[in-house]
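Novice: Below is a structure I'd like to ask you about.
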């Protein structure tokens, strides 16, 4: 009986996993920004990754799972972890600390499926993409341009915030492309643990050199860390790694256009952020652009 039910249960879990992933992923921007007034960005990530790694390590100590074999497997996990945890999150938190709105950050990061689609075609000789893909590319980037010029969406230092945000986008795009082309089949919890250890190890020296390490244990920071460790690190990122490795990247991309509206809604609830008319039009255009690219690459 157990052998019959287990595959069906696993199939159901992975069927709803993309939706759960998107919900928890969308809230990460707002809760990170909620905690950043009380802690420096890299220090916050060091605490987050350390807690997540400790919890996952304890969980895996009692579970019987397959671990990576060979230096190539370990190296691929380490590089993916560096791109996602150190580059994407590290620079993304710097962007939020610089004043970029949580909703704006989500809109910028929603361009990731567009970049993945375009670069995948570029890396695949003999394919052009078609009208939908290129229309989506221009519409999506046009929407982001409107958001950028919509006032204080990027904070008091727009050049600095935009630079960090764009570099963060490059990190998550590179990680997705690398996983699709060179990723190994890995248990999602093991993959996440390796990523958090890599993020922790690589960011500790950065925090020690460039930050003071001061932490104000305000209730907002505690709430933010609980959400980021449980919702983002243990649930969302683990599902992301598992879905990509299962070949469900298209399903993730198809749902990622829901991240900006969810993130904007959560930012309004948690942070009181509002969006002007120009930014709202840009937001709609960016969502439409991602939708067109998803249609072209599905």
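Each Cβ is built from the backbone N, Cα and C atoms, and glycine gets one as well.
What TrEMBL lists as transmembrane segment is 12-32, 44-63, 75-96, 102-123, 135-154, 160-178, 190-210, 222-242, 254-271, 277-294. What TrEMBL records for 19-148, 161-294 is domain 'EamA'.
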Novice: Take the C-beta pairs under 8 A between the transmembrane segment (44-63) and each of 160-178, 190-210, 222-242. Which stretch has the highest count?
Specialist: 190-210
Novice: Sort out the residues at least 6 away from either end of the transmembrane segment (75-96), same chain, that have Cβ-Cβ distances under 8 Å to it, and list them.
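Specialist: Same-chain contacts beyond the flanks: 29, 32-33, 36, 41-42, 44-45, 49, 68, 102, 105, 109, 161-162, 164-165, 167-172, 174-175, 178-179, 182-184, 186, 191, 194-199, 202-203, 206, 237, 241.
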Novice: How about the transmembrane segment (102-123) and the transmembrane segment (277-294): at least 3 CB pairs under 8 Å, pairs 6 or more apart in sequence, or not?
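Specialist: Since 3 or more Cβ pairs under 8 Å link them, the transmembrane segment (102-123) and the transmembrane segment (277-294) do come into contact.
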Novice: Could you tell me the mean pLDDT over the domain 'EamA' (19-148), as a whole number?
Specialist: 85
Novice: By DSSP assignment, list the helix, strand and coil residue numbers for the domain 'EamA' (19-148), in that order.
Specialist: 107 helix, 1 strand, 22 coil
Novice: Mind checking how the domain 'EamA' (161-294) divides into helix, strand and coil residues in DSSP?
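Specialist: Its residues divide into 111 helix, 1 strand, 22 coil.
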